[in-house]
Amino acid sequence: MLRQLMSTNNAVTLFCPRHPVASFFHLFFRTSAILVYLLCDMFSSRFMVCMVTIILLLSCDFWTVKNVSGRLLVGLRWWNQVDSDGRSRWVFESRKTHGVNTTSDADSRIFWLGLIVGPIFWILMVFSTIFSFKIKWLAIVIMGLVLQWANLYGYVRCKVGGKSNLGSMAKNYLGVQILKQDVSGKLLFYNQDNKVLPLLLEFESY
């Protein structure tokens, strides 16, 4: 009985997202853009109306995925900022893996499935518009591909970059740096230039 109850709870956890509203809108805008693109010729002959509708849906999808669903569903975030010296810098942030606000498996599956399927569809549509000579749709298709590919690239960098960054930190502190003890008895990390480095136990952005 207890085993059946546990298996039922696990099944509910796998298919019930912790953030249902964020999960819904994560899929809603990109799915709507795809449906409008596929069906607009059947219901409307006005190309400009279809184009504006698809562009609005793609823009809403880009903003929602970048600023809301990525942070809530998988604890990842990326953005571009301009430093004081005028240089543009990309920032990729990953939430700490422990704590109360950790993400669920259902949220993660919904997020990555929607994030990956979207660019694949628009890649196929690029070839479809070229080979079917529907050149008027090419700009919209390329826009959909660019916007959704940008989010995919940013979140893959967040996911993979965080692990590689931790690995490089561990190698840097354990393999290259020399552990010394100063006069007061405090333990400090020094690099090869004999400069004191802070010991970072966790990281959030890189």
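Heads up, the Cβ atoms here are built off N, Cα and C, so glycines get one too.
On a predicted model such as this, the values are computed, not experimentally measured, just so you know.
If you look up TrEMBL, you'll see 20-40 (among others) marked as transmembrane segment.
The transmembrane segment annotation in TrEMBL covers 47-65 (among others).
Taken from TrEMBL, the feature transmembrane segment applies to 110-130 (among others). With a threshold of 8 Å between CB atoms, the same-chain residues lying at least 6 positions outside the transmembrane segment (110-130) that come near it are 17, 23, 26-27, 30, 34, 37, 61, 65, 69-70, 73-74, 137-138, 141-142, 144-145, 148-149, 151-152, 155.
Long-range neighbours of the transmembrane segment (137-156) within the same chain, counting only residues 6 or more positions beyond its ends whose Cβ lies under 8 Å from a Cβ of the stretch, are 30, 33, 37, 51, 54-55, 58-59, 61-62, 65-66, 70, 74, 76, 78, 90, 92, 115-116, 118-119, 122-123, 125-126, 129-130. The transmembrane segment feature in TrEMBL is assigned to 137-156 (among others).
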_For the transmembrane segment (20-40), distant same-chain residues with Cβ under 8 A (at least six beyond the ends)_ = 50, 53-54, 57-58, 60-61, 64-65, 68-69, 72-73, 106-107, 110-111, 114, 118, 121, 125, 137, 140-141, 144, 148
